[in-house]
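Straight from TrEMBL, the features:
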{"type": "BINDING", "residues": "314, 345, 368, 478", "note": "L-serine binding site"}
{"type": "BINDING", "residues": "345, 346, 347, 361, 362, 363, 364, 432, 433, 434, 435", "note": "ATP binding site"}
{"type": "COILED", "residues": "116-180", "note": "coiled coil"}
{"type": "DOMAIN", "residues": "222-505", "note": "domain 'Aminoacyl-transfer RNA synthetases class-II family profile'"}
{"type": "SITE", "residues": "480", "note": "site 'Important for serine binding'"}
């Protein structure tokens with residue numbers, strides 16, 4: 001719901017709110033129902049889908065993701081035709097029904113497995129009938145090639161016509177069934193790592209604790225008070241200009257943001273990651289393929305009215321799409337990216353003191369890591385990603401806990417997720433500053449990202465296939481290296497001094513022109 005506005009010949013596109021992964025805990029204060037975005041501006045976690053649990057269960061979707069015709073809607077049967085198809089292995093789902101059903105329950109998903117299986121059986125039956133009619137049609141066509149009496153030929157013509165009409169009707173039914181099956185099956189979450197705790201967020205387990213809370217010998221201020229006294233940000237002006245939960249960074253806070261981004265990039269690049277900046281507007285289909293839903297009432301994604309584009313909530317989305325529909329050589333793997341982007345989230349439903357200041361905002365800068373690898377390597381890369389995160393936070397002197405997140409707190413794409421929560425003394429609590437997720441082939445089956453193994457296929461080979469090995473889906477992983485606003489919260493509150501100044505952590509000083517201390521401005 002929104003109006004297109006025109007000012008001075010420039011079209012202003014209306015932003016619509018759409019749903020991001022329900023499991024994301026980077027969530028905020030509600031904002032106005034619509035926002036407007038200049039269509040020429042550069043600027044810029046409910047789920048669906050499925051996957052595998054134990055290594056036996058690591059196969060839940062097959063055949064490559066397919067591009068289809070533009071979306072259409074049938075008012076009669078309420079089925080919306082998707083613009084794309086995930087490579088879902090429905091036979092695997094049927095054969096592992098009990099495991100999938102239990103996983104849906106453990107993930108608190110509203111996916112309708114019984115409907116998926118019912119639609120699948122119907123689709124198979126219609127497919128079988130279509131194939132039968134096609135065989136009869138071909139048989140009639142072959143008979144027509146020979147010498148026939150006029151009456152016999154006329155009989156065959158009539159029979160062929162009836163077969164053609166019946167086949168057309170069945171083929172139309174097959175398309176509708178296939179589309180409805182896709183929409184329902186895309187709501188099935190990934191399978192879950194066997195070591196993941198079962199239950200809600202409170203069931204998550206601590207896998208590591210680093211450092212200890214600082215012992216302050218004076219009253220502690222939160223980042224809002226520190227920011228006001230040090231003239232580091234302005235929420236009031238931003239609220240007038242953009243609305244609640246937007247902000248201006250000022251003075252040393254600007255340098256601190258740049259330092260955090262550049263230091264993080266430089267450190268992660270040392271681990272063999274390729275740096276990227278990404279588009280901050282993406283097609284809604286790419287958002288969906290990554291496991292986010294750009295629709296619904298509990299909105300986290302800003303979608304642009306009158307277009308198929310959305311603002312990104314994380315660089316995971318455009319980086320995930322960079323190799324969409326590609327077949328990679330095994331020698332190219334792993335592909336490791338570290339991406340800087342601005343991120344936009346509606347943060348619908350989040351309110352209260354826990355979201356004050358910079359902790360939950362609608363727009364922020366973030367450095368995100370993303371890995372595409374062979375299936376047998378994804379668990380080791382998951383450990384690598386969380387270690388990189390922990391090393392970064394330890395280097396900044398933060399006290400934090402790393403959690404193995406419980407099943408009910410996993411977004412649909414995640415097979416396993418580790419979250420890091422840092423101590424924020426001004427807020428008086430731990431706050432999430434990063435996460436690292438292994439998504440197995442959940443995203444790649446939707447994005448169509450495969451690789452071809454280097455080893456040739458074993459004999460016997462199919463005729464015409466040469467010695468090429470069959471393609472496999474890559475595994476994808478993502479992890480937050482630096483979510484800037486929350487890092488600023490941590491640094492201001494943990495490094496505050498009794499005189500109101502704030503110490504700059506050693507690793508960042510070279511990226512701030514040697515600045516060691518943020519001091520109150522003289523009046």
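Even glycines carry a Cβ here, placed using N, Cα and C.
Sequence features, as recorded in TrEMBL, placed on the structure.
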residue : record                : Cβ contacts under 8 Å, 6 or more apart
314     : L-serine binding site : 341, 343, 366, 368, 478
364     : ATP binding site      : 342, 343, 483, 484, 485
433     : ATP binding site      : 393, 398, 400, 420, 421, 422, 480, 483, 486, 487, 490
435     : ATP binding site      : 405, 417, 418, 419, 420, 479, 480
Spatial separation of residue 345 (L-serine binding site) from residue 362 (ATP binding site) - C-alpha basis, Å: 5
Enter the number of other CB atoms within 10 angstroms of the CB of residue 347 (ATP binding site). 23
Suppose the L-serine site is 314, 345, 368, 478. Which further residues of the same chain have a Cβ inside 8 angstroms of that site's Cβ centroid? 312, 313, 315, 316, 317, 343, 366, 480
Given the recorded positions 362, 480, and counting only Cβ atoms in the protein chains shown, which has the most within 10 Å of its Cβ? 480
Of all C-alpha pairs drawn from the L-serine-binding set 314, 345, 368, 478, the farthest apart lie at a distance in Å of 18
Suppose we draw a 10 Å sphere around the Cβ of residue 345 (L-serine binding site). How many other Cβ atoms does it contain, all chains included? 27
Please average pLDDT over the coiled coil (116-180) for the predicted structure. 85
